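As written in Swiss-Prot, here are the features:
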- 1-19: signal peptide (SIGNAL)
- 21-117: domain 'Ig-like' (DOMAIN)
- Cys41-Cys115: disulfide bond (DISULFID)
- 53-69: region 'Framework-2' (REGION)
- 70-77: region 'Complementarity-determining-2' (REGION)
- 78-115: region 'Framework-3' (REGION)
Amino acid sequence: MEFGLSWVFLAGILKGVQCEVQLVESGGGLVQPGGSLRLSCAASGFTFSNSDMNWARKAPGKGLEWVSGVSWNGSRTHYVDSVKRRFIISRDNSRNSLYLQKNRRRAEDMAVYYCVR
């Protein structure tokens with residue numbers, strides 16, 4: 001019975017607490033093949049500096065594809081093969097921001113890009 005009462009108490013406390021994770025992307029636009037574009041993502045509602053972060057994309061008629069990831073402190077980065085040496089992921093923990101620099105864009109890079117925790 002004590003366990004059940006603990007849950008009721010916890011639910012009562014959390015009912016008034018509102019915590020919303022927000023990831024807001026910006027910087028998109030149409031760019032000719034060969035051009036460059038920098039995407040930004042402003043994060044809030046969680047401890048950004050403790051979280052590994054990623055970019056994913058959804059091209060028309062295709063599934064969601066992971067593009068790139070960066071460790072919590074920026075020391076490790078990873079890329080899908082198709083964007084290696086063209087895209088650069090980076091972060092600024094002091095600004096709670098994630099970035100994706102897209103260089104030498106190709107037609108197949110046209111997609112909706114998402115910032116992913």
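Including glycine, each Cβ sits where the backbone N, Cα and C put it.
Sequence-distant contacts of Cys41 (disulfide bond), defined by Cβ-Cβ distance under 8 angstroms and a gap of at least six in the same chain, are Leu23, Val24, Glu25, Ser26, Met53, Trp55, Ser97, Leu98, Tyr99, Cys115. Summarised by DSSP class, the composition of the region 'Complementarity-determining-2' (70-77) is 0 helix, 2 strand, 6 coil. DSSP gives Cys115 (disulfide bond) a strand state.
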